[in-house]
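> Starting off with a structure, shown below.
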Amino acid sequence: MPWLGLRTGRIYVAFSRAATCCFVPAIPMASCTLPQSSFFLLVTQRRPRSDIEGGIYPPSSTPSSSTYLLKWHSLPQKRRQQKDHFISFRKRKVVKAVAVSVAPTPADNAEHRQQLCQSYGFRQIGECLPDNVTLRDIIDTLPKKVFEIDDVKAWKSVLISVTSYALGIFMIAKAPWYLLPVAWAWTGTAITGFFVIGHDCAHKSFSRNKLVEDIVGTLAFLPLIYPYEPWRFKHDRHHAKTNMSVTSDHMLNTNNFVQDFMKSFGTQHRGNVYVDSALGSSKPMSWLAEDTAWHPVRRERFDSSPFFRKAIIYGYGPFRPLMSISHWLIWHFDLKKFRANEVNRVKISLACVFAFMAIGWPLMIYKTGITGWIKFWFMPWLGYHFWMSTFTMVHHTAPHIPFKSSDEWNSAKAQLNGTVHCNYPSWIEVLCHDINVHIPHHISPRIPSYNLRAAHQSLQQNWGKYMNEATWNWRLMKTILTVCHVYDKEQNYIGFDEIAPEDSQPITFLKRVMPNSA
């Protein structure tokens with residue numbers, strides 16, 4: 001039972017963390033009227049901060065203790081710093097203690113982080129990087145040689161991708177029907193290597209000759225039907241704003257992923273408001289649109305229309321390993337999404353892609369028929385998008401990795417704490433040129449792909465305890481596909497099935513059929 005004790009010049013409030021006793025239904029509360037006193041206390045069940053002077057103190061060091069004391073006389077001094085916990089109302093004479101639901105305990109100790117590793121399928125979850133560490137501090141610890149461009153190694157990467165892709169095409173041509181999935185898996189992985197080569201070109205880490213980089217990058221992207229320059233411009237945004245969210249006070253602008261997505265569901269954009277034509281409703285909505293690579297779902301988005309809810313449950317559930325296709329379509333072919341000084345280069349890339357389609361596809365269909373087009377291009381292309389989606393998900397999505405608003409965002413934390421290193425089978429890492437060694441790439445995109453492993457070893461030596469590491473496994477993917485859905489500032493992610501269980505049959509199905517092995 002909560003109790004209140006009165007002393008000379010001080011008030012002590014004690015409350016239970018379990019908050020099972022209450023005077024008001026649904027909201028555990030205790031109140032007391034005191035002469036010439038005014039105080040309203042909101043208690044969140046977060047881990048107490050013993051380093052805050054005059055704040056909330058544990059009365060004993062016993063781990064099982066659940067009682068806390070509040071010094072009345074310290075409030076005027078600490079009201080500004082603790083405004084989230086204490087709200088003072090003048091001319092009132094009531095003292096209230098309110099217990100509310102809370103966020104999970106932060107990963108602030110080794111034992112708890114190890115528990116999260118077991119739960120999420122990680123090998124290591126890093127400690128939180130200190131606030132005073134900058135991205136420059138981390139970069140300065142890397143050896144100079146990891147930034148050096150080696151033309152021989154760069155063109156060796158091209159040779160590996162071209163050879164492995166040619167082998168894949170040969171396998172598709174010769175394989176019996178029951179081995180075609182194996183041939184498609186190999187070829188789709190090999191063509192992902194083309195993307196990584198273009199990726200290096202876009203970051204100016206392939207060659208010292210920038211014209212060579214533009215040509216190689218454009219050619220490498222052509223078999224993927226990916227316009228090189230539009231992708232480069234948007235990808236730079238991802239690096240500059242990794243896991244940065246739009247705050248709830250900011251509305252969507254016209255260059256938004258969801259604007260076009262919602263239009264396809266009968267939703268119109270009017271200024272900063274989306275109008276659902278099916279429901280006749282109009283409401284302002286926000287979106288995690290600073291980082292253009294991958295977006296959690298905002299609750300107001302999820303509740304915006306029944307049709308959108310169904311679509312997003314499938315998109316972020318069973319079809320999530322192919323969601324990069326929607327990203328490819330929406331972000332890279334609309335000239336309105338680019339600045340005036342970018343448009344000319346975007347047009348050149350689009351012209352190259354359309355020329356490849358206009359010439360290459362008819363020739364392929366003429367020689368092999370529509371089934372040949374499906375066998376030799378479409379199925380490997382789907383394989384590429386599986387890896388594109390999977391790499392992107394795993395690199396930056398986990399229940400413990402937050403999105404931060406611009407006023408809270410920290411570049412060093414976002415790139416080191418907010419990026420995941422994941423080991424895959426060796427043949428995948430070779431064909432994809434170590435794109436999975438992703439933390440050093442986010443520390444400095446100028447590191448060539450063939451130097452990422454050396455850079456990663458350096459980071460492990462100097463910053464290893466702050467890094468997130470995993471080995472690709474079923475539990476890791478199951479966590480992402482069934483938990484990391486709707487964004488919540490306190491809990492980071494809430495699963496669709498917790499918010500809308502009646503619509504979340506696809507998520508329930510995934511939880512039932514996906515293995516939980518790590």
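A Cβ is built for glycine as well, from the same backbone N, Cα and C atoms used for every other residue.
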> Name the residue range among 10-30, 178-198 that TrEMBL annotates as transmembrane segment.
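Matching range for transmembrane segment: 178-198.
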> What does the DSSP secondary structure composition of the domain 'Fatty acid desaturase' (176-243) look like, as residue counts for helix, strand and coil?
54 helix, 0 strand, 14 coil
> Which sequence positions outside the transmembrane segment (178-198), separated from its termini by at least 6 residues, show Cβ-Cβ distances below 8 Å to it?
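Cβ under 8 Å, 6 or more out: 157-158, 160-161, 164-165, 167-169, 171-172, 206, 216-218, 220-221, 223-224, 226, 228, 231, 375, 379-384, 386-388, 427-428, 431-433, 435, 449.
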